[in-house]
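Annotated in Swiss-Prot:
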BINDING   7, 8, 9, 68, 139, 200, 201, 202, 224, 225  FMN binding site
SITE      35  site 'Interacts with tRNA'
SITE      95  site 'Interacts with tRNA'
ACT_SITE  98  active site, proton donor
SITE      176  site 'Interacts with tRNA'
SITE      272  site 'Interacts with tRNA'
SITE      274  site 'Interacts with tRNA'
SITE      279  site 'Interacts with tRNA'
SITE      295  site 'Interacts with tRNA'
């Protein structure tokens, strides 16, 4: 099976990709989105979102990375897709699933689900702009407020010439509510298409991955939030390995505090460490205590000192 690391805006950036791919076996990472409006973006924008472009589109541990674009205008999606692959991206991905109100208000992300023709035109323009040997993928949800257009959306992606389709098994309006996940609908799309379909949504452990694949018939999954809950989730999902022990999680957090974010004004680790701990609390009781300890800290050096001060040997 293939396991992909999902794009998560404001969460899974290049530093987190570096950490997670070092302790996992991901087949591919998709970047946070590059927002495309009405211009060809400068090279520095692509390098900021995807510094791996300067390493043959791979993380330091060797996992492939693909740039994701978000926008609605085919011409500019095409030009920026061409630039992404010229800079070394291993193909490009089109975001048609982001449920953010800000993103949707500007006509991008899940808004495209309302009009599958827009998805077709955007994906087709990107496909024509990218050399045939490089993949063009599209990430969608089942629809905006219902799944009525799910087949029309899927057909648009395939007819546009996309290489593969990632389907998040909920509508935009359903957000991330667990009770609404519909792996069966993903399976219906998979049966309809000739291109590979990758299942996404509510994959938290080996059991849920097996259930998702059994119901959908997909042999590839994309994981997002779960990858933060259990830092070695791809190995759990692929090989039924146990979750990472807490001392190893702390060691990973310590390494995270030593990584420098370009352009950081001293607040990056404050937000990101607290954010990651809020995910870890769902799986590790120890993360709750650590979160309470650092939640009052408001600058990166203090956060780093607090995390670095933990004696891992005493946790074993």
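Just so it is clear, glycine is given a Cβ too, placed from its N, Cα and C backbone atoms.
Here the Cα atom of residue 295 (site 'Interacts with tRNA') is found 7 Å from that of residue 274 (site 'Interacts with tRNA'). Using a 10 Å radius centred on the Cβ of residue 272 (site 'Interacts with tRNA') and all shown protein chains, the other Cβ atoms total 20.
Listed in sequence order, the recorded positions from 95, 98, 176, 272, 274 having a Cα within 10 Å of the Cα of residue 9 (FMN binding site) are 98. DSSP assigns residue 7 (FMN binding site) to coil, not to a helix or a strand.
The DSSP secondary structure for residue 35 (site 'Interacts with tRNA') is strand.
The two recorded residues, residue 98 (active site, proton donor) and residue 139 (FMN binding site), have Cα atoms 9 Å apart. In three-state terms derived from DSSP, residue 95 (site 'Interacts with tRNA') belongs to an extended strand segment. For the binding site of FMN, formed by 7, 8, 9, 68, 139, 200, 201, 202, 224, 225 according to the record, the largest Cα to Cα distance is 22 Å, rounded to a whole number.
Comparing the recorded sites 35, 295 by how many other C-beta atoms lie within 10 angstroms of each C-beta, the top residue is 35. According to its DSSP assignment, residue 224 (FMN binding site) is coil. Annotation: 201 are the recorded positions among 201, 224, 272 whose CA atoms are within 10 angstroms of the CA of residue 176 (site 'Interacts with tRNA').
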